[in-house]
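If you check TrEMBL, you get these features:
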type	residues	note
REGION	42-98	region 'Disordered'
COMPBIAS	60-84	compositional bias 'Low complexity'
DOMAIN	229-590	domain 'SAM-dependent methyltransferase TRM5/TYW2-type'
BINDING	HIS327, ASP379, LEU380, ASP408, ALA409, ASN429	S-adenosyl-L-methionine binding site
REGION	526-551	region 'Disordered'
Amino acid sequence: MLSAFLSVSSGSSNWRLIHLPLPLKRFYFTRVSVRSKKLVLKSGGSTSSSSPHHHRHRCCSSSSSSSSSSSSRLVRRMTSSSSHSHARHHANNALSSSQPPVFLETDISLSLATFGLSVPAKQTSRFRNLLGKERLLKRPNVNPVQVSEHAPDRRILLISVEYTSLSELLSAMPVESTSIIKDAIDTSEVEVIQPYEVNVPYDALTMQECLRQIIPLAEVKDDDLQGSFELVGRVAHVNLRDALLPYKRAYGKVLADKNPRVEIVVNKTSATKNEFRVFPMEVIHGPPCINEDDGKLSLVTEVKQGRFKYQLDYARVYWNSRLEREHARLCETHFLREPKGGGQVVLADLYCGIGPFVVPAASSDGTKGGCNCLVYANDLNPDSVKWLKENLRRNKCSSNVAEASVDDAVLYARKLVRRGIRFDHAVMNLPALAVDHLVPAFQGILNFDELATDAGSEVSQVATAAWDGWQDDPPWIHCYCFVRGKTSSGGLGDGTGKAAAAREVEHVRDAKRLVMHRLCIGTPAQRAAKRQRADDDDQGGGGDFEATYAPEDLESIDADEEARFECKAHVVRNVAPGKIMVCVSFPLPVEVASTRSSPSDVLARL
């Protein structure tokens, strides 16, 4: 152990660190800034600092629910009044972390055994061309041409690790090139250096190579050193397997080091249990912020989709970066079509989130893919609506958004009708539950006789006038859902080939039948909506409660009714093995909207 003493003076300011017991190898000072009054201490290759200034947000090294500080950071502002016990208290707290010691970057390297050809410096290009790029060592940040340590006028051409000997290398080369190199070796113009070890530093290693040196093979196998993550602006979201949890701090640091855009890494800690689709998370790398207004985690970041930019608080709202293509597809396919009666397209987004559908739909800038729709937006999460309004302002499309409401999606659709607002499209992007909301939202929604009884003749007259002739031009419902079936490993769509095409046909068919089943079209009787805890989510962790179905539910659909039911279904993506996200777009059936009565429990809530 080392007892470190440091004293810094600047005018009247004195900072003193007295008797701070530290392991010599693990912690060391990197710099002292007198001008900004910051003392910076480095631990495991990362730096942190503390400032005497107070901010609206304060930084911490783990999620808001965690009280222990990470062993990767130890920063304390020591004033002249700091005592011996105060310094020792904070040092001991950091060193007693339950996490494994954070590594030093200088401790992580990889030795590659290969061989090289020593050539005259002036002939480097010639022999390099003879060998070809494909036969030279390929490593990021490692130059395949090295200066010889013993002869500065010579260069060593490093051979790819695929070749273990000169004979193996020459046998893979064209005959003419092989002959030239053999002659050069015979005349000593070229020398074979074997073995030749290349030390690959931390910066040049891949993420998996770094993790392999930090995490024992006995605890985590090579196949389990996952490297996938979702990038949301500056935040990377991972779902770590249990075996990796003891090394989560090191994992987060390596991920951030190997991906320059990543500043913060969060790990999902358990299943999504709230109605806002926001998963519980912990920060395993980076300086997250705690909002001092409510003491909760806040991760404000910015993302870009197409030509639109969005700001959001990832700790408080739902966002899925993998749906960018789907957002664009729906806008291009449906929202650009002019209604039969002419005029501006009116869109109702019932689960609008921060606006991935609303912003491009409302934008009047055609060069950005804007659709110039009039939009009524709604979300149950107040934070989502807050960021929606900010994104409308940032993308200059607020004028085309009639309102941004915080309401129940089922009630919001019916309230629009009662206010005399006619919409051409309704988006239901809540794949876990949207199919179970179809009947509560739309059954009997345009039954004006019932509306007169329930809300009064004046409300009914306003709605009737607004929706006059709607049977000839019904609103299109775009309902997202999950179906079960065989999937490819591609993650987007179902891959390629005849087998993949056949699978996609099955997924589309099942999604169509699921919508019909929930609308009670072509099925003997309406069954109660069923929900269960999902086995998996986007990255394989525990999921939220979601709508489910039995095979007999889909098999119960009458074939003739299925043929008559108009819809367009599209496979969006494979969410997890055996779980597919599908969008089913269909015109609202007359028998559902006006012939039937509204659910009594829904009417009671209006």
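Any Cβ shown, glycine's included, is placed from N, Cα and C.
Please treat TrEMBL annotations as automatic predictions, because they have not gone through curation.
Burial estimate for the binding-site residues (LEU380, ALA409): highest at ALA409, by number of other CB atoms within 10 Å. In terms of local Cβ density within 10 Å, ASP379 ranks first among the binding-site residues ASP379, ASP408. Averaged over the domain 'SAM-dependent methyltransferase TRM5/TYW2-type' (229-590), the predicted model has a pLDDT of 91. Residue environment of HIS327 (S-adenosyl-L-methionine binding site) contains 22 other Cβ atoms, counted within 10 Å of its Cβ in all protein chains. Of all residue pairs in the S-adenosyl-L-methionine-binding list (HIS327, ASP379, LEU380, ASP408, ALA409, ASN429), the one with the greatest Cα separation is 22 Å apart. According to DSSP, HIS327 (S-adenosyl-L-methionine binding site) is assigned to a helical segment.
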